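The N-acetylserine feature in Swiss-Prot is assigned to S2. Among the features that Swiss-Prot reports, N6-acetyllysine is placed at K57, K206, K230, with the record citing a large-scale study or a structure entry. If you look up Swiss-Prot, you'll see S243, S250 marked as phosphoserine.
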Amino acid sequence: MSSIGTGYDLSASTFSPDGRVFQVEYAMKAVENSSTAIGIRCKDGVVFGVEKLVLSKLYEEGSNKRLFNVDRHVGMAVAGLLADARSLADIAREEASNFRSNFGYNIPLKHLADRVAMYVHAYTLYSAVRPFGCSFMLGSYSVNDGAQLYMIDPSGVSYGYWGCAIGKARQAAKTEIEKLQMKEMTCRDIVKEVAKIIYIVHDEVKDKAFELELSWVGELTNGRHEIVPKDIREEAEKYAKESLKEEDESDDDNM
């Protein structure tokens, strides 16, 4: 009975006999059904890429963004329920703002990730609330700390990464990320690879239309989190499409 959650999935404050919290697992399932987001840390910064599915032709281009500015030096990429993610982005902004007001300098990313993770975890403890149905990545760059990348999931656990993927195609994306020599690459190199990975893992059968969102923070941007300029994004998309075409042609030749 406990393996299917009967009776034990009505509250986030209830454990099943085998030690599972089903409400948190359901929140993670919401993330797994979402479009893919990836973050890669390199020697001079962090690059985010998001596969933003276009569910209607009537949507205005650029709406419902999944990349957020948390602070001048911190960016955020999300997968899962967008409304939940926006709420957590506001919490992260408030934490960053309060830290600067109190101490007079930018909040360290590890501290910010821990603070927001504690907030997310608090929503897994009480029957009166539900867990957040989103996972998100935080990335920053500073001269002292270098590039940093953290991921926080609906259970409230925070992990540090060199490369991370969340969303429906996370396994395929992680496989592609593992092939990269991230520690030797720059943001300029990584942004092309991020675009390529998003195009590789995109499911054209189920999800035909999507927009590629790219942002970065690093030495190139003087430590500020910014959307990747249009010309560089288009160049990265061109590289991704050409790489896919070459791979398809090589597969045909092998057959």
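The count begins at 1 with the first shown residue.
Glycine residues also receive a Cβ, built from the backbone N, Cα and C atoms like all the rest.
Note that the structure is predicted; figures quoted are calculated from it, not measured.
Around S243 (phosphoserine), taking its Cβ as the centre, 16 other Cβ atoms fall within 10 Å, counting all chains. Counting every protein chain shown, 6 other Cβ atoms lie within 10 Å of the Cβ of K57 (N6-acetyllysine). Across the structure, S243 (phosphoserine) and K206 (N6-acetyllysine) place their CA atoms 22 angstrom apart.
For the pair formed by K206 (N6-acetyllysine) and K57 (N6-acetyllysine), distance between Cα atoms is given as 16 Å, rounded to the nearest Å. Spacing of K57 (N6-acetyllysine) relative to K230 (N6-acetyllysine) is 22 Å (Cα to Cα, whole number).
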